[in-house]
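A.B. asks: Below you'll find the structure I mean.
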Amino acid sequence: MTDIAIVDYGMGNLRSVSKALEHVAPAVSISVTGDPEVVRSAGRVVVPGQGAMPDCLRELDTHGLRAAVLDAAMNKPFLGICLGLQMLFDSSEEGNVTGLGVVPGQVRRFPPTSTADTGNTDGANEHVKPRFKVPHMGWNQVHQITAHPLWEGIPQDARFYFVHSYYVETADPGSAAAYSLYPFPFTCAVARDNIFAVQFHPEKSQEAGLMLLRNFVHWEPASAMDKQVRISESGCNV
């Protein structure tokens, strides 16, 4: 039996995820697979992904993987990365598509932003680059708001690598596990029962990302450790 199945539905840099997991868990059996039966039989499931949400959902269906991914999200340790987070939500503004509906909420696009207001209205700043570009790309701090086994050993406000134009807006604030700022606070990690899903890319995030992947390999969701406790009250709507 495969210990960890990395779901291959034709989108995302799966090799980098596989290499990172092999690095932190060399004795674990890891399979990059598009076979629904392998996904169903695996002990743990990772769903990465980059690209557009409509394409993601279409490819899940084309490969016959939707039911297997839903089953994993309900029944076994599940790690979603980037699109693997967004697909779990009810719907997305990207193509106005319906998601898997595992986590209540929506996926929204970052609004266009401009340079700091200088009070200049004569058009002198029209060629100045915006302060916050879309997509959000690069390193950013991640502020943990729930204690969770996957955060173990990762400092508060550790920096992770992001590449995305859309963010999740959860209808269940209790599921938010972390937020980042760009330029407003947005949820960048959710945790519910056996699910942990992140907007950033742990496989590209050096030591902090490797620690999160290492923690996932050893995570037992049925454990009493998984009772989520709020560890900060930001006052932010994330």
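The backbone N, Cα and C atoms fix where each Cβ goes, and this holds for glycine too.
Below are the features I grabbed from TrEMBL:
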| type | residues | note |
| --- | --- | --- |
| DOMAIN | 6-217 | domain 'Glutamine amidotransferase' |
| ACT_SITE | CYS82 | active site, nucleophile |
| ACT_SITE | HIS201 | active site |
| ACT_SITE | GLU203 | active site |
A.B. asks: Fill in the CA-CA distance, GLU203 (active site) to the residue listed as 'active site, nucleophile', as an integer in Å.
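C.D. replies: The Cα atom of GLU203 (active site) is 11 Å away from the Cα atom of the residue listed as 'active site, nucleophile'.
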A.B. asks: Three-state secondary structure of HIS201 (active site) from DSSP?
C.D. replies: coil
A.B. asks: Quick one: average pLDDT across the domain 'Glutamine amidotransferase' (6-217), no decimals.
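C.D. replies: Overall, the domain 'Glutamine amidotransferase' (6-217) comes to a mean pLDDT of 92.
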A.B. asks: What is the separation, in Å, between the Cα atoms of CYS82 (active site, nucleophile) and HIS201 (active site)?
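C.D. replies: Cα-Cα distance, CYS82 (active site, nucleophile) to HIS201 (active site): 7 Å.
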A.B. asks: Return the residues near HIS201 (active site), defined as same-chain residues 6+ apart in sequence whose C-beta is under 8 angstroms from its C-beta, sorted by sequence, else 'none'.
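C.D. replies: ILE81, CYS82, PHE160, TYR161, PHE162, VAL163, GLY209 - these are the non-local Cβ neighbours of HIS201 (active site), listed in sequence order.
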